[in-house]
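Enquirer: Here Swiss-Prot flags Arg11, Ile12, Asp33, Arg78, Ser120, Asn314 as NAD(+) binding site. According to Swiss-Prot, the feature phosphoserine maps to Ser146, Ser331 (among others). Under the heading D-glyceraldehyde 3-phosphate binding site, Swiss-Prot lists Ser149, Cys150, Thr151, Thr180, Thr209, Gly210, Arg232, citing similarity to another entry as support. Per Swiss-Prot, the feature cysteine persulfide maps to Cys150. Under the heading phosphothreonine, Swiss-Prot lists Thr209, Thr227 (among others). Annotation comment: Swiss-Prot describes Lys213, Lys225, Lys258, Lys332 (among others) as N6,N6-dimethyllysine, evidence class similarity to another entry. Among the features that Swiss-Prot reports, N6-malonyllysine is placed at Lys213 (among others), with the record citing similarity to another entry. The deamidated asparagine annotation in Swiss-Prot covers Asn223 (among others), and the record cites similarity to another entry as its basis. For Lys225 (among others), the entry in Swiss-Prot reads N6-acetyllysine, with the evidence type similarity to another entry. As annotated by Swiss-Prot, motif '[IL]-x-C-x-x-[DE] motif' applies to 243-248.
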Amino acid sequence: MVKVGVNGFGRIGRLVTRAAFNSGKVDIVAINDPFIDLNYMVYMFQYDSTHGKFHGTVKAENGKLVINGKSISIFQERDPANIKWGDAGAEYVVESTGVFTTMEKAGAHLKGGAKRVIISAPSADAPMFVMGVNHEKYDNSLKIVSNASCTTNCLAPLAKVIHDNFGIVEGLMTTVHAITATQKTVDGPSGKLWRDGRGAAQNIIPASTGAAKAVGKVIPELNGKLTGMAFRVPTPNVSVVDLTCRLEKAAKYDDIKKVVKQASEGPLKGILGYTEDQVVSCDFNSDTHSSTFDAGAGIALNDHFVKLISWYDNEFGYSNRVVDLMVHMASKE
C-alpha cells in the first residue's frame, strides 16, 4: 500500500485523510500544516459541520496524530522544500494547500524525499488526470500530476459518455456551486475579482471556472468545444453541473439516459452515478461519486440540442478520486 503525506489540512486535506481511512486503499503517514497545531488537528479531523463526526478514534499522542490506532507524523513547515517527507516514509504527497499548484512549486516536495506529488487542484502546467476519463494515460515517468478540479471531475465523465456515443459539436457548462473557503462571510476586499468578495451566504455570485476548458485537456477531441462559468450559491456543499450541448448524431433523450445508465453500471461504476429519483442537493452530501446524472432534470430541445444535469459532492467525491488516482499511480510503479 502506498505511503502518503498530506500538505495542507484544510477541507480537501482532511477529507482525503478521511477517504483514505474509510477505504483503506492508501496509508497516510504524515501531515504538514503550519497553521494548525496538533491538538487543533485532532479537533478539526474529528468534528465536521458538513460530513458529521468521524466514525473512529482520533487523538494526539507523543507529538503524533493517531487515527484508528495509526500514528501519523506531524510537520509545521511553511516551505514545502523543508518538509522531511522521506524521514516519515511518505512516497506520495497530496498537495492540498491550494497554493503550490505549479510544477515548480509542487516540485519542492521532491526535495524532502517525496517520490511523486498529486496536486488537488487544477494546474497551469502539470498533467491533469480525471479518473475514468484519461487516467490510463498516466505513466510513471511523471513525478507531478494534478487531479484537476471537482467540477472537471463531474463534467468530464459525462462529456466522455456523450461524446463517445453521440459526438459533442460544442457545449456550454454552468456549475451551480456551493460556497468554498476562498469566499467571504460578509462583503470584503477580493483583489481583482470584485464579485467574489461579496457575502457568500447572501448572494448568487457569477464567477469564472476553468473546469469546462480543462475537459479539453483530459479529452483532447473536445479541446476548444467547451467553455463555462459558475454561479456560487449559499449552500455549504454539493454542486451541480448543467451541460448544454449540440450533438453530432441525433439522439432521443431516452437514448442519452440509456447510455449514461450503462456507463454508470459498467466502465464508470463508482465514478459516474445515475438516478431517476426526485433528488435535491442535500441528497448527495458525502456521496463518493465524481458525478451523478440526474435523468429527471435534463431536457431536450430537439434530437441535437440537450441540457444535461449532473450532481457532485464537490468536497468528498473529489477527495475520494484523489485517493483513487494515487492507487492507480501506485499500480504502475
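Using N, Cα and C of the backbone, Cβ positions are placed for all residues, glycine too.
Each of these features: where is it, how hidden is it, and who are its neighbours?
Expert: Over all protein chains present, the Cβ of Arg11 (NAD(+) binding site) has 22 other Cβ atoms lying within 10 Å. Arg11 (NAD(+) binding site) falls within a helix when secondary structure is assigned with DSSP.
Secondary structure from DSSP puts Ser146 (phosphoserine) in a beta strand.
Gly210 (D-glyceraldehyde 3-phosphate binding site) counts 17 other C-beta atoms within 10 Å of its own C-beta, drawing on all protein chains shown. In the three-state DSSP assignment, the secondary structure recorded for Gly210 (D-glyceraldehyde 3-phosphate binding site) is coil.
Spatially close to Cys150 (D-glyceraldehyde 3-phosphate binding site) yet at least six residues away along the chain are Ser239, Tyr312, Asn314, Glu315, Gly317, Tyr318, judged by Cβ distances under 8 angstroms.
The Cβ of Thr209 (D-glyceraldehyde 3-phosphate binding site) lies under 8 Å from the Cβ of Ser149, Thr151, Thr175, His177, Gly228, Met229, Ala230, each on the same chain and at least six residues away in sequence.
Every protein chain considered, the tally of other Cβ atoms within 10 Å of the Cβ of Lys213 (N6,N6-dimethyllysine) stands at 18.
DSSP assigns Asn223 (deamidated asparagine) to coil in the three-state reduction, outside any helix or strand.
Counting only residues at least six positions away in the same chain, the Cβ atoms of Ile168, Val169, Glu170, Gly171, Gly216 sit under 8 Å from the Cβ of Lys225 (N6,N6-dimethyllysine).
Sequence-distant neighbours of Thr227 (phosphothreonine): residues of the same chain at least 6 apart with a C-beta under 8 Å from its C-beta are Leu172, Met173, Ala212, Lys213.
Outside the motif '[IL]-x-C-x-x-[DE] motif' (243-248) by six or more residues, the chain places 155, 158-159, 162, 166-174, 226, 303-310 with a CB less than 8 A from a CB of the stretch.
Neighbour count (other Cβ atoms within 10 Å of the Cβ, all protein chains): 14 for Lys258 (N6,N6-dimethyllysine).
Cβ contacts within 10 Å of Ser331 (phosphoserine), excluding its own Cβ and spanning all protein chains shown: 10. A coil conformation is recorded for Ser331 (phosphoserine) in the three-state DSSP classification, outside any helix or strand.
Packing around Lys332 (N6,N6-dimethyllysine) is summarised by its Cβ count: 10 other Cβ atoms lie within 10 angstroms of its Cβ, all protein chains included.
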Enquirer: Which number gives the other C-beta atoms within 10 angstroms of the C-beta of Asp33 (NAD(+) binding site), all protein chains shown included?
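Expert: Within a 10 Å radius of the Cβ of Asp33 (NAD(+) binding site) lie 24 other Cβ atoms.
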Enquirer: When secondary structure is assigned with DSSP, how many helix, strand and coil residues does the motif '[IL]-x-C-x-x-[DE] motif' (243-248) contain?
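Expert: The breakdown for the motif '[IL]-x-C-x-x-[DE] motif' (243-248) reads 0 helix, 5 strand, 1 coil.
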Enquirer: Specify the count of other C-beta atoms within 10 Å of the C-beta of Arg232 (D-glyceraldehyde 3-phosphate binding site).
Expert: 24
Enquirer: Of the recorded positions Ile12, Arg78, Lys258, which one sits closest to Gly210 (D-glyceraldehyde 3-phosphate binding site) when you measure Cα to Cα?
Expert: Ile12
Enquirer: Output, ordered by sequence, the same-chain residues six or more apart from Ser120 (NAD(+) binding site) with a CB under 8 Å from its CB, or 'none'.
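Expert: For Ser120 (NAD(+) binding site), the qualifying residues are Ile12, Gly13, Val16, Val94, Glu95, Ser96, Asn147, Tyr318, Ser319, Val322.
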Enquirer: Where Lys258 (N6,N6-dimethyllysine) and Asn223 (deamidated asparagine) are concerned, what is their Cα separation in Å, rounded?
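Expert: That separation, Cα to Cα, works out to 26 Å.
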